[in-house]
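Step one of this worksheet: look at the structure below.
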Amino acid sequence: MSEEKRKQHFVLVHGACHGAWCWYKVKPLLEALGHRVTALDLAASGIDTTRSITDISTCEQYSEPLMQLMTSLPNDEKVVLVGHSFGGLSLALAMDKFPDKISVSVFVTAFMPDTKHSPSFVEEKFASSMTPEGWMGSELETYGSDNSGLSVFFSTDFMKHRLYQLSPVEDLELGLLLKRPSSLFINELSKMENFSEKGYGSVPRAYIVCKEDNIISEDHQRWMIHNYPANLVIEMEETDHMPMFCKPQLLSDHLLAIADNFC
């Protein structure tokens, strides 16, 4: 295979309350090796000032920028999808709709659903383990005409101690400056049809376990892998919930190795 053919298109999808900006360390590392990299702001995230989270009622609306990108790809192009944290649900939506346009999907300490339960199942399991104290003062508010939506806005303490505890303080400060309210869309996802084996289930999946994650714990990550086994599992030692800040070079190396394995 020629060097040119080995060049990949990585699509990077952020988690809740974050934006495309959180990939600022990983993106140039991949691009320096000649790969194409697209980092997206999902709806009402990052620098998308056209909407706020209270304008978004479904995960599909929230994920629309990713869906638009996938639609725009030529039929003969396949991408490497990379989703962090809640971004795993956006990946699953894209995988279910565009399985033929994805070489592999990489779940980076991310919610990874299955095909036997509702799309919200792995989130519900996570939410059941969270106490009010566990949110450390984060703002959770209902919204929508029937109050079925639930927005979340991470507190400083939550980000410092549960997300960024091993990451550089400069990146924590960046996150505190740029964070925006988001949603996990649990109620809405619980009413959706299951993801399909023909769509979502047909795309190869890799999972990157972050062993010092203080929010999506290693136990929960491994439970999701046991619940719906990934094709490849990679562990990152001494890594918090934000590996793109904590260990960007190692994360980039893992993404390249995964792409080499599946593309």
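Glycine is no exception: its Cβ is also placed from the backbone N, Cα and C atoms.
The annotation active site, acyl-ester intermediate is assigned in Swiss-Prot to SER85 on the grounds of similarity to another entry. SER85 (active site, acyl-ester intermediate) falls within neither a helix nor a strand when secondary structure is assigned with DSSP, and so counts as coil. Counted within 10 Å of its Cβ, the other Cβ atoms near SER85 (active site, acyl-ester intermediate) come to 26, all protein chains included.
The annotation active site, charge relay system is assigned in Swiss-Prot to ASP213 (among others). There are 25 other CB atoms within 10 A of the CB of ASP213 (active site, charge relay system), with all protein chains counted.
In the structure as shown, the Cβ atom of HIS241 (active site, charge relay system) sits within 10 Å of 25 other Cβ atoms. The secondary structure of HIS241 (active site, charge relay system), as reduced to three states from DSSP, is coil rather than helix or strand. As annotated by Swiss-Prot, active site, charge relay system applies to HIS241 (among others), with the evidence given as similarity to another entry.
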Pairwise Cα distance for HIS241 (active site, charge relay system)/SER85 (active site, acyl-ester intermediate) [Å, integer]: 8
